[in-house]
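Engineer: Questions regarding the structure given below will be posed in turn.
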Amino acid sequence: WQLFHVQQDIASCQDTVDAMQTELEGLQQREKAVEQQIKTTKQALAKANRKLNVAEKAMTKDRKQSEKVQPEIHRLEAEVRSLEAKLNKEKAALDQITKEEAEHRERVEGIKEDIAAISVAEDEAEQQVQDAKEQSGFLFDEATNTRYEALKQEARSTTAADRSELESLSRQQAADQNTLTQLDSDLAEVLHRVNSDRERLAKLEERWSSIEQAAASSKTSRKEAEAALQSIQEAGLQEEQKRKDLEVQLSEVRNQLSEARYNKRMNKHEERMADCLATLKRLFPGVHGRLVDLCRPTQRKYHRAVVVAAGKAMDSIVVDTQSTGYDCIRYMREHQIGIASFVPLDSIVTKPIQERLRSLGPRSRLCADVIQCDPEVRPAVLYAVGNTVLCDTLDAARDICFRQREKVKAVTLGGEVISKAGTMTGGNAPSDASRMSRWDEQAHGELRSRRDELVEELHGLDAKRTQQHRIAELQTRITHLTSKEQFALKDQSVTQEKIRGLKKQLDALKKQKGETQREVSRLKPVLSEREGAIGTLQSKIDRSEHAVLQAFSEELGITDLQQFEERYQRSVKEAAAGRRRLREQKAKLEAQLEYEEARSFDQSVRKAQGKVEKTSKRLGDAKDTQHRLKASVKDLRDQLQQSESSLHEVNRAVKDKEVEAKALQAERTAAAAERGARAKKITAEEIRIEQLRGSLHSVLHKARVEQIELPWTTGTPRDDASQSSTSSRAPSSASNSQLESQQALLDSQTAHRIDFSQLTRHKDAMDDKQRAAVTSEFEAEIAVLDTAIASMQPNMKATERFEDVSVRHKASTEEFDQARESARDAASLFNDVKQKRHDAFMACFNHVAHELQTIYQDLTKDPNHPLGGNAYLSLDDSEEPFLGGIKYNAMPPLKRFRDMEQLSGGEKTVAALALLFAIHSFRPAPFFVMDEVDAALDNVNVSKVCNYIRHRSQDFQCIVISLKDMFYAHADSLVGICRDVGTDSSRTLTLDLAVF
């Protein structure tokens, strides 16, 4: 009955497992399909991201080009405005000069016309004199005229001296009168020029004032623009600095999040191990869990130190007994879950705590004292950390290990380790961070919150970020205002120079005016006085001439010849005075004409026209450049709009792909979760099948022990029993658990041949309660039968059967004892071999470590460093050296401690040779072959190596392949290889240096 129901349960569970396996295969196919879709989507997403990066770069490039051109456009606009204003001013100046030239030309033509009119008037005056002569009747016959001329000559002779004096005075009078007339003309011209220059000076002073105001306004505007630009730039620098700080913090947070996600991925990778641990706890009550989950440091600052001190033991699984550990190992091996270490609480040996280590100092404490755990797990914690001392700082650890010479393992809060052998290690491993993260689950959430805060703050800075076009506009405005201010200052300087020139010219004109007025004032009384002298002298001459000509005048019947002649002379003089006035006016006009003609406007006009042409050309070039840049900006804006639209499309495609990828990842996660749940159910059913097979094996084993005959469909149970016996007599190296597993599998196969047709009752499906009732019923019947059998006659064959069973029992007992003794001998032999291996290794290690120190000092010491360097070997695990590695550290003279990777090539070569010679000293070889070991060495180190090899040449021979002549000088002999041209083969050349 029990075998039937167990067989039915096994069959039912197996059917369930088969069905679940089919569903699991479907789920796996579905997960693979989703994985393939995710892979395809990721590839498409990566392609879209690359397109997005290209579009962003193109848009950034277009924006930068547009921003780069914009300031140039603003500058050109300011330059065009400035050039247009300058051109207008220059055109106005040219028009003014042209107008002045036209006025000057008209004035010159008017003066020439006036001079021509005066010449005509002179001719007319001469004609009038001639007419006056004819009308006066002052015409005689030839004899009378001759007589008159003789009398006149006589009168002239009489008055020659007076007449000469009169002519002299008349000439002086005429000269002074001409000078006075010229002075009056000059004075009028000076007055005209003074008035003109005063008007120009007033205009220039007004212009200087307006320029000064414009320069001051430009300067004020420029300073305001510079202040605004400086304010914007300072704000931009502050924002940029803040942005850099935030980006650095965000980068650090993201790195920490990446590490946290890596640890999280590692935990996901270990989900199967966690499920296995949960299964082991469910199947085997003696499993407590991982040591890292069973203990916790008293303070958060001890997390790293505790993790480093315990090392890999933190991931060990704590079990109550050694047999429970074996069962767990067998289960993990059968289901191919992985590898795990187990710490059995009943068999581990822990070293006792040394109380003196608790009083080493205020900065140290036992690592075991800072770990909280349940009392039953305390041995496992002591096994993991032992007598490790936890120190606050590295100096405290050095003080304990090196100064107090305590042979303990010291760990600092930062994770540095000083082993019992004195080696120092540091750094952080990802596994340590993973173990620490189990004690601080809030770190990941805090990092995410910090990341979100930093991202939000960066977005806020982006929203308030100063626009580049505002800076460019201010810079352009500052440039325009600066050029405007400089132009105003230059114009102001030119105007000031003109004002100074005009003032000097006015001073000169005023001085000239004063001198002219003084000269006029001097000449007027001189002319009046000379005019009186001339009148007196003329009266004297007239009296003398009258005395000579009186008789002649009476003879001619002319009452007064002199009066007659005076009338004639008066008319002549009047005509002469008219001609003189005309000559004076003509002289004045000719002087003014000469002055006006001396004033040339050609150079000023050419200069003004040149300025206008130059400015017009610059303005045209600037406008052409402006139009070209505006066209390029328009093209860039169109291109930027296209880039932005393309970027928008690519960004939308990327977002769609990301949504699709997230959906697929969610689907994959759901499929993986469903597959994991189905796999757990399959595992549970397989465990139940194993348990049912164990129950089947127990029932069959009990039936065989009690020699209960079972009905078989084919064959006999003796064959299976013999097979079982043969299996039980397997070599002693097989474990009992394996034999039991094989026997249970054999029994499950044998149970299929049991004939259940004779079972007539209790074949229906039952629950546990019904099975317990049926079992009680059968046990009651068996008890009744046993009572009935006991009351019957004794079986005479019982003795024989008992002897047979006794013999079999004795044989099994002897076989068991023999197997146990063999296992004990094998374990003892294994321990002996392990100890010999350990002793042999430690003998070699200690010898090499001791020799290494001496050899390295010999290779590195010199007169400046007589002690040489320091080199030593250290074991990662001094108790179990084969479970770890060997660390080699070398410190050249006067160099601080560094890892071997950080040494130079020459220092590494010397360290390697020292290690090679040290290993050789343990088991000396007959000779060395060194191939260019001196490639990275300088001459000093080559000399040291040569001296050491030569010093040790008595212990071994050394063949060195080298290109350094220093090795040749220290060698005993030289061997060279060259090509023999004659034989077309290699040739050997040798040279014995011992004779030299």
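Glycine is treated like the rest: Cβ placed from N, Cα and C.
Take a look at what TrEMBL says about it:
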COILED    10-135  coiled coil
REGION    152-177  region 'Disordered'
COILED    187-263  coiled coil
DOMAIN    285-401  domain 'SMC hinge'
COILED    492-519  coiled coil
COILED    572-599  coiled coil
REGION    606-625  region 'Disordered'
COMPBIAS  610-625  compositional bias 'Basic and acidic residues'
COILED    626-674  coiled coil
REGION    710-745  region 'Disordered'
COMPBIAS  722-737  compositional bias 'Low complexity'
Engineer: Restricting to the same chain and to residues at least six past its boundaries, which positions have a Cβ under 8 Å from a Cβ of the coiled coil (492-519)?
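Structural biologist: Sequence-distant neighbours of the coiled coil (492-519): 179, 183, 186-187, 190-191, 193-194, 197-198, 200-201, 204-205, 207-208, 211-212, 215.
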Engineer: Looking only at residues six or more beyond either end of the region 'Disordered' (152-177), which have a C-beta under 8 A from one in the stretch?
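Structural biologist: Sequence-remote neighbours of the region 'Disordered' (152-177) are 523, 526-527, 530-531, 533-534, 537-538, 540-541, 544-545, 548-549, 580, 584.
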Engineer: Could you name the stretch, out of 187-263, 572-599, 626-674, with the greatest number of CB pairs under 8 A to the coiled coil (10-135)?
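Structural biologist: Between the candidates 187-263, 572-599, 626-674, the best contact partner of the coiled coil (10-135) is 626-674.
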Engineer: Report the DSSP secondary-structure composition of the region 'Disordered' (152-177) as helix, strand and coil residue counts.
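Structural biologist: With helix first, then strand, then coil, the region 'Disordered' (152-177) has 25 helix, 0 strand, 1 coil.
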Engineer: Summarise the compositional bias 'Basic and acidic residues' (610-625) as counts of helix, strand and coil residues per DSSP.
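Structural biologist: Residue counts for the compositional bias 'Basic and acidic residues' (610-625) by secondary structure: 16 helix, 0 strand, 0 coil.
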Engineer: Counting by DSSP, what is the helix, strand and coil composition of the domain 'SMC hinge' (285-401)?
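Structural biologist: Helix, strand, coil within the domain 'SMC hinge' (285-401): 61 helix, 22 strand, 34 coil.
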Engineer: On the 0 to 100 pLDDT scale, where does the domain 'SMC hinge' (285-401) sit on average?
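Structural biologist: Mean pLDDT for the domain 'SMC hinge' (285-401): 86.
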